[in-house]
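Residues or ranges marked as signal peptide by Swiss-Prot on the basis of sequence analysis: 1-21. The feature compositional bias 'Polar residues' is assigned by Swiss-Prot to 126-135. Annotated domain 'Peptidase M12A' per Swiss-Prot: 146-346, in sequence order, evidence recorded as sequence analysis. Annotation source Swiss-Prot lists N-linked glycosylation site at Asn168, Asn358, Asn389, Asn625, Asn802. Annotation source Swiss-Prot lists disulfide bond at Cys189-Cys345, Cys209-Cys231, Cys348-Cys374, Cys401-Cys423, Cys461-Cys487, Cys514-Cys536, Cys617-Cys643, Cys670-Cys692, Cys733-Cys744, Cys740-Cys753, Cys755-Cys768, Cys826-Cys848 (among others). What Swiss-Prot records for His239, His243, His249 is Zn(2+) binding site. Among the features that Swiss-Prot reports, active site is placed at Glu240, with the record citing sequence analysis. Residues annotated as domain 'CUB 1' in Swiss-Prot: 348-460. Positions annotated as domain 'CUB 2' by Swiss-Prot: 461-573. Taken from Swiss-Prot, the feature domain 'EGF-like 1' applies to 573-614. What Swiss-Prot lists as domain 'CUB 3' is 617-729, and the listing cites sequence analysis. Among the features that Swiss-Prot reports, domain 'EGF-like 2' is placed at 729-769. Sequence annotations record features per position, and here Swiss-Prot assigns domain 'CUB 4' to 773-885 based on sequence analysis. The annotation domain 'CUB 5' is assigned in Swiss-Prot to 886-1002 on the grounds of sequence analysis. The omega-N-methylarginine annotation in Swiss-Prot covers Arg960, Arg963.
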Amino acid sequence: MPLATTLGTLVLLLLLPLPRGAEVTGDHSNVALDYGALEGEEGTEQQLHYHDPCKAAVFWGDIALDEDDLKLFHIDKAEDWTKPSIDKPGHDTGGLEETSARWPNDTASNASIQAPRKDGKDATTFLPNPGTSNTTAKTFSARVRRATTSRTERIWPGGVIPYVIGGNFTGTQRAIFKQAMRHWEKHTCVTFVERTDEESFIVFSYRTCGCCSYVGRRGGGPQAISIGKNCDKFGIVAHELGHVVGFWHEHTRPDRDQHVTIIRENIQPGQEYNFLKMEAGEVSSLGETYDFDSIMHYARNTFSRGVFLDTILPRRDDNGVRPTIGQRVRLSQGDIAQARKLYKCPACGETLQDTTGNFSAPGFPNGYPSYSHCVWRISVTPGEKIILNFTSMDLFKSRLCWYDYVEIRDGYWRKAPLLGRFCGDKIPESLVSSDSRLWVEFRSSSSSLGKGFFAVYEAMCGGDITKDAGQIQSPNYPDDYRPSKECVWRITVPDGFHVGLTFQSFEIERHDSCAYDYLEIRDGPTEDSTLIGHFCGYEKPEAVKSSANRLWVKFVSDGSINKAGFAANFFKEVDECSWPDHGGCEQRCVNTLGSYTCACDPGYELAADKKTCEVACGGFITKLNGTITSPGWPKEYPTNKNCVWQVVAPVQYRISLQFEAFELEGNDVCKYDFVEVRSGLSPDAKLHGKFCGSETPEVITSQSNNMRVEFKSDNTVSKRGFRAHFFSDKDECAKDNGGCQQECVNTFGSYLCRCRNGYRLHENGHDCKEAGCAYKISSAEGTLMSPNWPDKYPSRKECTWNISSTAGHRVKITFSEFEIEQHQECAYDHLELYDGTDSLAPILGRFCGSKKPDPVVATGSSLFLRFYSDASVQRKGFQAVHSTECGGRLKAEVQTKELYSHAQFGDNNYPSQARCDWVIVAEDGYGVELIFRTFEVEEEADCGYDFMEAYDGYDSSAPRLGRFCGSGPLEEIYSAGDSLMIRFHTDDTINKKGFHARYTSTKFQDALHMRK
């Protein structure tokens, strides 16, 4: 059973073992509060001050303590940590034995405490082994006060846990979080509700420390539950929520040695603390037995030195079987029982989450017992309402229903508005909730008993909603919506406001015209109001804003395919920029859905208060040509500058930008200082490039008559900056596509027409007509496209591509887009790939449909592609990139063949970080002869940087014939058997020309092998 915290000790935060790939950083601060991104949906962030579980004053392995915890736990200078541990005799189980470490009075060896450093990096203080001394290490002692009084503030009042989901999570991740919360609600009396004005609540956030959470209610404001990299799995989130509810890890309970054995020698160094157990006074198991099946239990190999080494070994049961531990699928029966005890859930009642259901008084219709107490929590999809009908009612009748009664409240708990209290034998009228939850409570205290009651409920999707803000979701979200549903919501906000609607997630059966399942939105109160849009598919619709205070939303599903559906937030929207003070903005106010931002005119930038403007570099330019430079050119530019130039040319002109000098801080990432160039004047216009470093960008030409150039520097390193010249040229292609039938390419002072793949230019220079499309390609890399890409390919078309690469390098095809008429056997339109020079070679695959094929790699230096379309359906086609991969299996024959170190040998030096293995195989009875024509590889005394190795066999386990680097001719290399392996390795710095060799098969098998 997971350890529920004793009410007096719910104070620690617990960092969980991370899943594979999760990142951990040591960015710990002395302040356990952080500013996190928060929002109602993706994309619109605000700042929230919350307790950050990744920032702690002291770390004990995976347990972190903040300043309040240090005071409560009396962390002092070293006392108990350095005392020799007292070993106790182990239990005879017939297996591995050890004396489990006690927390905090003794510790495993090499344990460590992580304390914060000013530079944000890990600072680890290693605790000395018992009996050793370490005068330089700063050590700590933890003396935990036993729980002597209750601390009820650590339990969530009424079992209600308000939550907020941070703005950096996707719709899929949000759905997982909600599924995990509904799972806890389904089996316990804990309730998760979206936060309104509650002071204490949890915030789902993406933190660098991976998966972690406080244990129980922290109090004093919001607290984060970190769902970091690779943590967004249902079981992991449910586990984290277990900590929020108030559970420790199961294996740390005081009686764990009776059930599991800790194998200390298999634990990763420095992670021993994760296996310390607590004292009986520090936690309470509430009388529940040890639960191997708990979702809060570590797995057998958690924090193991190797994936197949056990760190926790369950003891055998009566049948000699070791129980399974570490499941992350669902709450165990023990988890459920303990949570119900911790939150004092009524023994009678349950959480009902189906769209229809029924419930009755205990013992119905044979009579209910005295002093019964039952609670039913009905929870359906947000945006739905609940219709509750009593079909039978027979309760002891009293004035004001004082003794026996059933009470219905319009919400999620006992303090929600009362819809009615009933007793006697009169059946109540139908009750309808105002939202998606109902609370039903039954109590009996009289000795005069009746039959009880029976009630049925049904979820009703859609309806009239009159409130400032809320949420609507497809029926059964986040699970698949149900077939044949029609839901209509009529949303009304106060007069003078607009309705704003933003989507958190969206997945509705896809169709070109949304003919099957769809979401329809209209600007007004009825189905005759102006249509805003019909939506389906998997892309979230843009945010919607009504023209008045009403919005009509309709969801329809047919009888077949069902998807996850949608979740959307609605709210009253006002244009803050229409206020007399324009939102406090000095120059320009930009209204956004649900908020607004201030902006400045060209030549100005926002000051630190984000409302006033100050003079800046950049400006608004209307000249046909000119020069722009970074601030201070040719001297170093200043720090913390943001300059925007908006260049505008006459209509039908295009603007070209040519950099004459360029030197900025940064590299390929460009996250410090950079120059951004866009077609258009807005900061979200089409991006041509983001540039930094010392490499001069290519000439950039705008797509319209506007160009935006933005320069930004951070607060550290400054460089010389840049100087660029811009000039404008009339774009003949801007009007009527220049008269070109397909593509028009603007050139300086003129233009030319061009045809798409599969077509050729007519003699008139403007029209295109179909042509054969058989291509021979010998370049190392490039792009392939179906005919007429990106429009639909023509019917009755056959195209071939014969791709050949440098000898010794395999051709690779990677698809970026793919859409060809679907057929189970690809009998109609299809793309075929062959492992050779023509269609007689072995076939690598035939593809059709809309799923992108995985990358295809030939076994040799040739690959043949054949595209075929029939006379009927046409689709968009495909776009792919061809490249090369080094290495592979080569066949040595009497005829001489070539081998090159890299595909662009002769044109470019070999690349960095190359790892190439070639296996050259001759026929039985023959050996391999390798003769180098050119050899130029970075030189080093031991050939430790770049090198070529030869092995007398199929792999690197064969005898090595030598490792080679430097320049100059090498002697011939002969194999003793029928195979020779060549390995080429390069590091990440100096690159040279490479090597060119010829190989052939030979009967000269007793030749001298070349010495290193």
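Just so it is clear, glycine is given a Cβ too, placed from its N, Cα and C backbone atoms.
The predicted model assigns the domain 'EGF-like 2' (729-769) a mean pLDDT of 82. Sequence-distant contacts of the domain 'EGF-like 1' (573-614) (same chain, six or more residues past either end, CB-CB distance under 8 Å): 40, 44, 46, 493, 496-500, 502, 543, 545, 620, 642, 644-646. Within 10 Å of Cys744 (disulfide bond), as judged by C-alpha distances, the recorded positions found are Cys755; the full candidate list was Cys348, Asn389, Cys692, Cys755. Nearest by CA distance to Cys643 (disulfide bond), out of the recorded positions Cys209, Glu240, Asn389, Cys826, Arg963, is Cys209. Cα separation, Cys826 (disulfide bond) to His239 (Zn(2+) binding site), rounded: 45 Å.
Cys401 (disulfide bond) falls within a helix when secondary structure is assigned with DSSP. DSSP labels the residues of the domain 'CUB 4' (773-885) in these numbers: 0 helix, 59 strand, 54 coil.
Taking the Cα of Cys374 (disulfide bond) as the reference point, the closest of the recorded positions Cys189, Glu240, Cys461, Cys514, Cys670 is Cys189. Mapped onto three states, the DSSP output places His243 (Zn(2+) binding site) in helix. Secondary structure at Cys643 (disulfide bond), as computed by DSSP, is strand. The residues of the domain 'CUB 3' (617-729), classed with DSSP into helix (H, G, I), strand (E, B) and coil, number 0 helix, 57 strand, 56 coil.
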